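According to TrEMBL, the protein has these features:
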DOMAIN    1-326  domain 'Plant heme peroxidase family profile'
DISULFID  C8-C90  disulfide bond
SITE      R35  site 'Transition state stabilizer'
ACT_SITE  H39  active site, proton acceptor
DISULFID  C41-C46  disulfide bond
DISULFID  C96-C322  disulfide bond
BINDING   P138  substrate binding site
BINDING   H168  heme b binding site
DISULFID  C175-C207  disulfide bond
Amino acid sequence: YDFYRNTCPAAEEIVRSSMSRIYSQHPDVAPAFLRLLFHDCFIRGCDASVLLDDSHGNRSHPIERQAIPNRTLKGFDRIDTIKQELEDHCPGVVSCADVLVLATREGILLAGGPFYPLFTGRRDSIQSYYADAMAEIPKPDDNVFRTLHLFGLRGFDERETVSLLGGHNIGKIGCEFILERLHNFLGTGQPDPTISADFLSEMRRNCGDSQTSSNSSSGSPLLMESTSLTKSDLGLTYFPQLATSISSGSSFDTHYYQSLLRGRGLLYADQQLMADERTASVVRAYASDDGSAFRLDFARAMMKMSSLGILSGSDGQIRKNCSSNLDQMVSV
């Protein structure tokens, strides 16, 4: 705790004040950072490898940011803004990996989520892992067994997995991520048979009638998209508006789980949590609670997520520019 107390004692306060200013103008930064953190930590740990930009390295090798699940990630410029403020105060001290985990925590708190303590002292990767990102980021059309497998490889049990997916209660999801579920589920040329007729009609009507999508299975089931939309009165608890982007909600509560109980999960991977009793029992518990159990479990799971596979000591580096290595970037 408080790793920078001697080298940059104001580090966490700088992140906090920067996030407050950014969030006041761009509240979508909270789900954007949550998704960035997930995609970073899920691949070889929380090492800021997803932030690396090929324009500063070897162009002959693909990088994580080019992997299909990462092409819709947002918030890189906001991370750069916070990092620059830290560089102005404490040059070359605070890692980009720490900036991302701290800024994500502050974003969740600003969005109404729980506070959770974090260790600091992470260092930044000198490599980017394109192949891993292509293969191991969960997809919106994954079944519950695939989702549990991928989370299990990172040490998360069923309850932790369900709590982390509860991050879907904020942010918005682009319609392109569900079009195949609405029109060509698993290549059948038909919609997902588990969607009720009225829900299918509602999603089709509000997402348009396009039959194809090049990106519909390319994301991860943790905050596909985050763009600003005004709410409409559709009477849906899981998302107040369906349009080119779909709001999953504006409050950090249990409406996500209540919607799954009603069979109105937006993503197939979400609704699949009801297909296995190990996860369905957790969904029911969260949905029937006042939100305190979910918030506590989510905070604990985020602490665990933020500590996956960290680099410390003499491993890695401290980047001054989050998109560029100090040395030539190697992509594997």
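Using the three backbone atoms N, Cα and C, a Cβ is placed for every residue, glycine included.
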Can you tell me which of the recorded positions H39, P138, H168 is spatially closest to C207 (disulfide bond)? Compare CA atoms only.
H168
How many Å lie between the Cα of H39 (active site, proton acceptor) and the Cα of C90 (disulfide bond)?
27
Let me know the most crowded of the disulfide-bonded residues, choosing from C41, C46, C90, C96, C322 and counting other Cβ atoms within 10 Å.
C96
Go through R35, H39, H168, our recorded positions, and report the one whose Cβ sees the most other Cβ atoms within 10 Å.
H168
Between C96 (disulfide bond) and C46 (disulfide bond), find the distance joining the two CA atoms and give it rounded to the nearest Å.
10
Sequence-ordered list of residues in the chain of C8 (disulfide bond) that lie 6 or more positions away and have a Cβ within less than 8 Å of its Cβ, or none, is L86, H89, C90, V93, V94
State the mean pLDDT for the domain 'Plant heme peroxidase family profile' (1-326).
86
